[in-house]
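This report refers to the structure that appears directly beneath it.
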Amino acid sequence: MIIEIGHFALVLALVLALAQAILPLVGAQRGIRSWMLLAKPAAIGQFAFLLVAFLALVHAFVVSDFSVVIVYLNSHSSMPLLYKISGTWGNHEGSLLLWVTILAFFGALVAVFGENLPPRLKARTLSVQAMISIAFILFTLFTSNPFARISPAPFEGEELNPLLQDPGLAFHPPMLYIGYVGFSIAFSFAVAALIEGKVDAAWARWVRPWTLLSWTSLTGGIALGAHWAYYELGWGGWWFWDPVENASFMPWLMGTALLHSAIVVEKRDALKAWTLLLAILTFGCSLLGTFLVRSGVITSVHAFAQDPERGVFILAILGVALGGALTLFAWRAPVLKPGGMFAPVSREAALMLNNLFITTLTFVVLLGTLLPLIFDVLGLQDISVGPPYYKWTFIPISLPLILLAAVGPLLGWKRGDLSGALQRLWGAGILGVAGIVVAAWIDFGSEVMAALGIGVGLWLLAGTFVEWAERVRLFRTEFTESWRRMRHLPRAAYGMTLAHAGLAIAIIGMTASAAWKEEVVRQMRPGETIEIGGFTYRLEEVRGVRGPNYIAEQADFTVLKDGEFYTRLYPERRQYMVQPMPTTEAAIESHFFGDLYAVIGESDGAGAWTVRIYEEPLVPWIWTGAIVMVLGGFVSMSDRRYRVGAPSRQPAAQPAKA
Amino acid sequence: MHRLFFILPLVVVLVLVAVFWRGLDPARNPASISSALVGKPVPPFVLPGLTPEMPGLGDADLRGQVTVLNFFASWCAPCRAEHPLLKELAAVPEIRLVGITYKDRLADSLRFLAELGDPFAAIGADETGRIGIDFGLTGVPETFVIDRDGIVRYRLAQPIDEARLADEILPLIAELTR
């Protein structure tokens with residue numbers, strides 16, 4: 001019964017979305033106020049119905065109602081509660097329902113918190129948002145109905161894929177979707193602005209918190225995914241340039257560009273058409289990611305619902321959404337009033353350069369992801385694109401971008417003083433060069449790129465600190481004065497400092513781990529030892545252990561450093577009972593300079609096990625960097641100018657609140 | 001000229017959509033791309049049989065006549081689903097159908113065959129999945145068609161279905177055995 005209520009609620013949400021897509025839009029065009037005002041209750045109601053639908057599905061998973069097809073295929077009564085719940089989105093249909101629910105959630109947020117938006121802009125934005133909803137609800141209902149039943153109901157389910165039974169992965173999809181889907185708000189705002197033919201500082205200020213929220217969430221989601229791959233797959237790697245990973249990385253890159261260009265619109269009223277285009281393309285990348293992952297158009301290690309029929313549907317959504325928005329762009333964007341002028345050396349120019357670099361990087365990733373498909377469609381030979389491609393394209397293009405990230409914030413608006421900025425960065429420069437020299441000395445000649453990566457990472461870290469120190473006049477004036485400045489510095493400034501510092505830390509970690517990882521694979525008997533990275537691993541024993549729904553072989557390693565006891569590691573090799581698919585649980589112990597990483601493989605049946613031990617230099621820095629970036633996002637979101645509300649469109653007509 | 005820049009994004013997206021449209025063409029099999037093995041000789045291997053009495057399988061057995069090689073496991077539901085079609089294949093006189101069990105316990109494989117019938121002329125047991133790696137397996141079931149010279153001609157990285165059997169596998173066998 002509850003399932004039918006959920007199904008029905010989904011249909012009702014569709015009806016409300018239809019009303020929300022048409023009436024406020026027409027109302028805004030014709031100036032009918034009551035129609036425009038319909039957007040708010042419709043958006044909230046649509047979200048409420050979708051929430052009911054989603055919770056009905058969660059309920060089916062929690063109570064193990066195997067008469068529902070996807071519960072039968074993805075759950076088992078012996079699974080822990082957390083994985084029963086996360087099983088809801090551990091499959092195509094359920095995750096799609098989560099997708100639309102989050103979409104409607106964002107619409108409802110705009111409806112509730114957008115009180116200070118001009119009514120026309122708000123009505124149009126919510127209408128566009130509803131159009132996206134309609135497309136995805138239809139997609140859910142017609143090709144991927146999560147509420148489908150089977151009769152007679154099986155007694156037991158087939159269990160969630162064991163690889164997905166993991167706390168990190170339970171939260172990875174929701175965070176990722178908040179990121180993906182959140183960009184729809186920027187898209188809707190952009191389309192609404194194109195219909196109005198007007199973009200100004202106020203528009204940028206409304207768009208920015210939504211973009212920030214999405215970006216922050218996407219950063220966290222990608223990091224969680226990478227972390228999951230790192231410890232669960234047992235390959236000791238965290239990023240494989242797999243199409244599905246790229247699918248989440250492209251919106252992140254474009255979202256990063258959008259965050260930066262929106263600043264220029266907000267502060268200087270320039271780059272308007274470009275920012276609109278970015279807002280459209282960022283969500284376009286989200287849609288593209290959805291398409292790549294769910295259509296089966298590209299083979300990937302973890303593409304999950306390979307069904308060309310669904311692919312056609314998503315492709316149609318992608319074509320209509322992007323084609324429509326870009327047609328509107330081609331028609332309306334040229335009439336936008338050009339904004340403020342700026343010199344070739346200025347904060348604006350630096351941000352523009354940042355955008356050029358980031359869009360180029362996105363294009364490089366897009367090309368790497370699609371080349372195999374393009375070759376195949378054109379009937380040329382099959383090719384595969386791997387890490388070397390990215391090493392020689394992505395990395396060299398991103399190096400100058402990182403260099404720029406330290407300089408840009410030190411340049412003034414309109415006209416900047418490049419030599420002055422560089423002078424203030426002398427310390428960062430020395431540190432960067434020292435980093436390159438030391439890195440090259442540690443590992444002479446073999447990895448030029450690694451030395452450069454460490455160098456620019458240190459440069460950005462130090463440069464970011466310098467910029468902050470400049471702002472608070474640290475050591476240049478009395479400390480009480482610096483302290484006062486520290487407290488009064490806008491949160492947005494701290495957000496940038498944290499995000500840039502986090503990026504720098506992550507870059508150093510990624511570079512070191514990519515370049516200097518070491519690996520030993522060997523057959524090992526209890527009592528034998530392996531030496532790697534200055535540590536000695538002794539296999540004490542391998543024993544059988546039991547979990548709630550799996551049995552496992554657990555190895556017991558004693559790790560020694562310089563002959564002294566350091567730690568113990570317990571990697572496992574699990575065999576889940578329902579899906580007899582072995583999964584590895586790596587044992588990881590972090591210290592400041594890296595991770596100890598041990599994996600136990602198969603037994604040879606004669607008392608020896610395949611054992612893999614990795615020395616993972618600076619990997620914890622990657623996760624630390626990601627956390628600092630996410631923190632920066634939240635700090636920036638809490639900036640006063642978003643809390644006191646957006647400025648009026650006619651600042652003269654109203655007294656400033658601040 | 002200036003306006004052209006504003007139209008450019010639209011053009012690029014339309015071209016991309018067209019490429020994807022072609023990519024989704026059902027006649028194009030996404031499971032068959034990136035199969036680096038097609039056109040190359042089968043990797044060398046020797047596997048024991050399921051019991052000491054049953055014949056094992058090695059790469060030497062794959063030469064001399066057209067062979068269909070099927071990777072399967074008792075724990076894999078799609079393998080169960082495609083099993084009737086394997087029996088149809090086994091009835092084709094010009095070819096030899098052989099199997100490799102993938103990461104499966106010997107007793108379980110035997111029970112699987114006892115239950116559903118054994119269409120294979122010979123079966124190798126790849127308990128550790130080692131040979132699966134050489135074949136670039138992405139999962140089970142997978143099916144390979146190998147010509148008389150031991151060259152892999154076709155790979156299907158998903159269960160056999162009626163359409164693929166009739167439109168792809170049987171015509172290829174007819175061509176190879178001609």
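A Cβ is built for glycine as well, from the same backbone N, Cα and C atoms used for every other residue.
Now, the feature entries from TrEMBL:
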- A:47-73: transmembrane segment (TRANSMEM)
- A:89-295: domain 'Cytochrome c assembly protein' (DOMAIN)
- A:96-114: transmembrane segment (TRANSMEM)
- A:126-144: transmembrane segment (TRANSMEM)
- A:175-195: transmembrane segment (TRANSMEM)
- A:207-229: transmembrane segment (TRANSMEM)
- A:249-266: transmembrane segment (TRANSMEM)
- A:273-292: transmembrane segment (TRANSMEM)
- A:312-331: transmembrane segment (TRANSMEM)
- A:315-640: domain 'Cytochrome c-type biogenesis protein CcmF C-terminal' (DOMAIN)
- A:394-413: transmembrane segment (TRANSMEM)
- A:425-442: transmembrane segment (TRANSMEM)
- A:448-466: transmembrane segment (TRANSMEM)
- A:618-637: transmembrane segment (TRANSMEM)
Open item on the list: Across the domain 'Cytochrome c assembly protein' (A:89-295), what does the mean pLDDT come to, as a whole number?
Closed with: 89
Open item on the list: Cβ under 8 Å, sequence separation of at least 6 from the ends of the transmembrane segment (A:425-442): give me the contacting residues as numbers and ranges.
Closed with: 406-407, 410, 448, 450-452, 454-463, 465-466, 516
Task: Spatial neighbours of the transmembrane segment (A:207-229) far in sequence, C-beta under 8 Å, 6+ residues away - done: 106, 110, 166, 168-169, 171-183, 185-186, 189-190, 235, 237-240, 245, 248-249, 251-252, 255-256, 258-259, 262-263, 266, 279, 282, 622-623, 626-627, 629-630, 633-634, 636-637, 642
Task: Touch test for the transmembrane segment (A:126-144) and the transmembrane segment (A:618-637), at least 3 Cβ pairs under 8 Å - done: no
Task: Residues of the parent chain within Cβ reach of the transmembrane segment (A:394-413), under 8 Å, 6 or more residues beyond its termini - done: 267-268, 342, 345-351, 353-354, 357-358, 360-361, 364-365, 368, 420-422, 424-425, 428, 449, 452-453, 456-457, 459-460, 462-464, 466-467, 470, 496, 500, 503-504, 507
